[in-house]
Every structure is written in C-alpha cells, then in structure tokens.
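Remarks on the structure that follows.
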C-alpha cells in the first residue's frame, strides 16, 4: 500500500467536523451511526472514500482551508485506508484525529466473521479486492467501545497501548496508569483497586470508635459532676460545721450569762446581809456597773478583777478556737465558714474577707451558708407553726416579690359550635401570699378554670373579665413572673434533676441576679422539695429508667419554683405523691407564699392535714359553677348555714365532693343543684335566668337586690387594654444570645447522653455506604447515575428520620418553655446548630465506605460537599414534619418523600409537567451535582458520551455550584418554614 504523502489534503476541515458532530446534536443522542448526505457522499454520488475506514484527497491544485466552517471541499481522488491515529466515518471522505484516551490502529480482516478487527464494519459489497482501513467511528461508549483504550491498559498516544503494571490500575480510556492506594492490592492489567481490605479496616476502626462512644458516652459528664459534687459536699460540710459552731457559741454565751447573773446575785446577797454602809454599797454597784459596761459578754464566771500579769498571760494563751468564735460572733452573717483551722499552729484564713464569689467552691459555700441560716430561722420559728408563720411573715430578712392579684368576674367558657358551658358565671379573687385549693368532682372544670385564669384556653368562647392587680391587662404580659405547673410531668428525661432546675433558673431569673444567688435559689428548691438524694440522677425516659414518679412530680413543680414566680398555678401537683411527699411539697409552697406568692392549685382528695395547710378553698360543682370560694377555716360554718353539716371524723372536702357527686345526700332539704345558686345569692352575684328555677322558696325569698357587692371588681367589661404585648413583669431575663448559650449547653448534654443512638445512626450509614458502594459500580455510559440515585434516597431517608428526634420528642417541653417567656429562636437555633454538627460528620461516615467501594472518578471533597448540602437540605424538611405532624405520620412522610421526589426528578424529556416539577425537587439537584462532579473527570474519548448523557438527563456540566446553592437555599427556606410553624402551630 502506498504511503500517504498528502496528509494535509486528507484532513477534515472545520466544516466537515461540524457536519459530523452536528449529527449527534440533531439526533440528541450519542449513538448516531449514519451521517446526512453531503456533496461527496449522497444517493447520486458515492465516490471512493465514502466507505468506513477510508479517506480521499482533494485535487492537487486545490487549496484546503482547515478553518473554513462553511464549505465542504470536494474529495474524490486517491482513496486510501485511514491512517493510524485517525478515524474515517462512513459518509465522509476525510480523516479526523482520534481523541486522547482512544486506540486507533489499522484494521485487519477477520475471515471468520468478515469484520475488520478491532472495529465492527465490513468490507464494501461487491468489491472483493477492497481491504480494511482504519477506525471508522467515534461515538458513545456503547456504540464505539472498540475505539476506547481498553480497561486494564492505558494509551499515552492513540496508536500505542500499554498494559497496566502491578500496583497500578487503568480505567477505560486512560492515558496513564494510576497508583493504587497504599493498603489496597492491584494485579497487573486491572481497571480497579481491590479496596476490600481498606473497607474492612475502616469498618473495624469505626466500629471500635462507635463501641467506645456507646459504652463511654456519659463518662465525660460523670467525671465533671463528680468534681462538682466533691466541691458541693465540702461546702455543705463547712456550712454545717459553721452553723454548729454558732449554735455552740450561743449556748456557751447563754450559760455564761446565767452563771454571771447567779454570781452577781450571790455577791449582792452577801454584801447586803453584812449591812454595809451606803457608801460601800454604792462602791460595789459602781464596780459592778463598770465591769458590766466594759465587757458585758465576757466569758468569765467571776467579776473579781484580775491582776495585770494574769490578764496579759490569758491574752497570750488565748486559744484559736476563741479567736474563731469571736470572729463568728463579730460577723454572724459571714458565709465563708471557718476562717481558722482548729488545732493548727499556723492559723490562716481560708478565704479572703471580701470574696467575689467567682470560684465554684466560694459560690457553694455562700449558698449552703445561707441555707443553714434559713434552717436555723425555721427552727427558731417552730417549723412553721402559727406563731412561727407570724414571725416569719414579719421577718425583714425574707425577700418579698412583686405581687399579682387575679380577680375574675362572670367568667363563662363555652365550647365553640356546641354551645356547651364548661364554666359559668365564675366570680372571685385569688390573693397574693395565700394558697388556694381548687377542688371538685370529676368534670367540674378545675383544670379549665386555671387554664382560663392563665389565658391558655383554646377552642372555646370566653366571656367575662379577668383583672390583674385591678387592671384590665393581659396576663401574658406577666408571664415572666408567672409559673404554671402542668398536670403532665413535662421534664427532660435525659437531664439530671439539677440540670433541669439550673437551666430554668438561668433562663428565667433576672439577668442582673448574681450567679451565686441563682445557685442559692436552685439549692434551696432542691432542699425544700427533698430532691437532694437524686439531684445527680437522670429524670428518666421510656427507654431509660430514672427517678421515681413522685420525685419526677416534684421536679416538675421545682421547674417553676426556681424562677421565683409571683403567681404560681399548679394542676394536680400532689397526684401520685404519698402523704409525706405531699406535706413536703406544701411546706415548700408555704414558704413561697410567705414571700408574697399567689398560689393556686388543683387538688384531688387531700388528707385532712394537707387540707388544713391551705388558706382558701375554691369548690366547683359539675358544669363549672362555684359552690364555695373563701377561707378554709370558714368552710364548715358556711355549709352549716345552708343546712349541710359535716360529720365528725370525716374529711370536709371528701364529704362535700360526695354530696356534689350525688353519692351522699345532704342532711337538710338541700339539693346539690341549688348549692351554686345559693353561693351566688350569698355573695350578691347576678344569677342566670335559667338557674333561678333551681331555687326553693326560702332561697328565692332570701334573694338580695341584683347588684354586685364585689366593688373591687371592675364593672366595665369593655375596657380592654390598648396594648396586648407589653411586658409588665419588670424582670429583665437573659437575651437571645445568652439563652442560645444556655440552650446549646443543654442540647449538647442531651446529645452526649444520646450517643448510643447517634452511634447506631452512624453504623447504619456505614452499612448503607458499603452496600451501595459495592452494588452500584460506576459505568461509563451513565457516569454512576443509578448508584448516586440510590445514595440520594438512602441518605435522605436515614438523615430525615434521625432529624425528627430534634423536635418531635420535645414539642411539649418547647410549648411549656415558650409559654413562660423563654426564647423560641434561641431554642430553635441551638438544636439546629448541634444538628449541623451531624451534617458535617455524617458525610464522612457514609463516604468512608461508599467512596472506597464505589471508587468514582469524582474527588472525595466534591462528594463530601454534595452530601453535606443534601443532608442540610433534608434536615430542614424533617424539622417541618417533626413540628407539624405526630411521630408516626412524620416518619411515614420522611420515608415516602425521597422516593416520590426522586421518581419525579427522573421523568423523561417528553414529560413537560414532570420536568417542570423536577426543577423544584431537591433529589434532582443533588443527583445532578453527583453526576456532574463525576462526569467532569471524563474527558478526551469520553466527551461524546458525556455530552450525550448530559443531554439525556437534561443536566448542564456548568451547573455544579448552582445545584449546591439550590440545596442550601432549600435547607434555609425549610428551616424558616419550620420556625414559623414552631411559633404558630398550637398545641393539640
């Protein structure tokens, strides 16, 4: 065969190349095999060189402009086989250079098959002397795989193919061999790394780490709290020793004073019995008065003057115990405990005179010192007996809080659309400094009454008026100093008792209150509620056992006590408590009442001792009607006046509730239905017209004029406040930034205690990454499309279900905290911040398996950023489901949504509606980012395959950052929607 000398005359011009590649664009496929007719090869003219693998030349005198993109030159002379390194398509008479990564040798005829190996074209029919030429086509890998450099080999040029050596691997279309990972194995002539050993090592290492986390998750917090407990115990011991020393010193002073008085009496008796002169008596009196004035509390047993030498000697030998006692006597309010070590020759003070209370030990010493003083004061006042209460009420050391008086007039609550009264014509007042008990039979509306007072009624029509301190002001304006204890024990089970109380104290007490005083308040509540033995115990959840039910109930009450409320409403706080625990709780509430707190609580079947500890009783009948509202000590007197006598040895509230239930018939001719009307008439309240028929003749004749004798309740119901959102509590609680810090600390502790659950999540991601990486290998015709699609579905599903725990389990806690004035934004941001940490870790966990088993061409960094954006996006969507739906429906939606959206994202190009909807589906953008990142690493011989795949899926190789931006924007928008739902969706 003649050597080609006119190569430049046989090369395709820009117009011919454009003609060839436009065929793929027009057919929108990378598998086009037939070209359109042109001036050289058509139905009328099929010159030599139009057959595959052959090319012709132009006339020798013709000039060829290779840059001419408009005109195809005439080529019909000297037809010869295509050169090595070039391909000559069927229907064109020129040669096109083969791309990088291809192998284009001269073809040889395979007589067995009749094909020109390694290509798949045949010799022209009817030309037996024709020979095979060169390569004939460059298209997609599915159509022209024979032109691609084979897997396991690399082609530095398009006419040279070299097999990969050991320790290297060569993918299809490679121009060089790549070194295998250090811990992997690569046999000669292989196209992939054997990373199973690496995967097993990673699985073992990560499993070991997860096991450590699973078993040692609480160790960090436990160690920290052990140190804190030692400091606290030391401070408590020091405070007790100081209190005992004060008590002994007081007893010693009293004994000395008694002995001194006895000695003086004896001396005076001896003096006057000797009938001394008046002057001598006067001298004695002067001596005694001078001695008493000079040292009235001197610890001596005689009044005789001592010699100067003896006085000096006694001063020198003054014991250190005496020094300490004198120090305590001079400053009895000192909270620092002992300033001297008894028995140590080198006495020194343990703390400065004016401590700043910066260290933990100083704060604890201050707190426990104050607690010991309060205990001594309570002991002095005989443990809250009547005289003790009077003494404490007049004690100037007891802190007084802002008072809230709540008055309600004609309060009526009606269910919407049903016209059923839950409460009717309720009038009365609850006063500061008093404990009111709300009692009544089941269905009497006790909880409804307190909810109405608190402004928490939903789904009902409320009429009447509620006055705060005699003014028409919304009670929500005082929510920072109002405590509401719900019937259910809404307490964080994965926090300790102390952590629950301390968090509420930090967020709800005044921001100006020193840290030492906040610690004192928390310690006082723990001490008063008897929670000291379980302060470091977890409250407990359904899966993890914690403290007992009674202790949990007391913690529920303590959450409101630590914020030092002015109004405290409790819904059945004694339910589930034994008698001793109930008495302990009432004593703690009694101390709150002494500070001016207005306390009202629903109680079921209190014991007689517990009943006598209340100040006022609000007794409700069925239908929400008041039967009695007044002091406890006048209950029997009032009901005796209406003909109901309470038998001896019977608890009054039990007997009255039995009468209202119809179990016990009253002794007099009184019907239970008449009792609410009799109470209205007794107080001069207006009686609804439909209730007048319940009156008997005596009651009707005793009906007073229709006027309201409660002059302190305003008559004007239309005088509503002009501003509903003002804060009248006068308490500056911490701002959003500080509350965000407090929430962050709490959420981090919760996550650390939930490390076992987190470890399980990571383990599932590891298994999913290994399975998907092994089963979905990257193929050149799809660029890993199907493997990435399964990845999007799996990661979305797993991360959404994990993100549901952030809000679905804490909605009740959020509603309680937000109702008390705590920041919703701080709560949301803290939870999201901690979840974002998971968004950073989970891609690493998944890719540690998927990347090494799947071995895509895209980089680890690119896959990491795509997964991070995907997880950030789906986490925000999961927030919406967790907040708006219950746990069951939320999980169902988290499973269905990724699958449905992925199906929409995979609609064909002819489905216009599906393509339009797919633009708003996050799986489409995540999948496009994965495919683009992988396809960008395919170049040279892969260009036509890459372009064809991009056109088929509707992707743009330049939209990588756009896809990531869409995922991030979706994540941000979903979080905004979730936060709006959080603050607007009402509690069901």
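Even glycines carry a Cβ here, placed using N, Cα and C.
Because the structure is a prediction, the values reported are computed rather than measured.
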Annotated region 'Disordered' segment (source TrEMBL; candidates 678-701, 702-725, 726-749, 750-773): 702-725
Stated TrEMBL location of region 'Disordered', expressed as one of 215-267, 268-320, 321-373, 374-426: 268-320
Residue numbers, six or more beyond the limits of the transmembrane segment (783-803), whose CB comes under 8 Å of its CB atoms: 761, 764-765, 768, 772-773, 775-777, 835, 838-839, 842, 846, 850, 854, 856, 867, 870-871, 874-875, 877-879, 881-882, 891, 894-895, 897-899, 902, 906, 923, 926-927, 930-931, 934-935, 938, 946, 949, 953
Averaged pLDDT, computed only over the residues in the domain 'ABC transporter' (406-648): 88
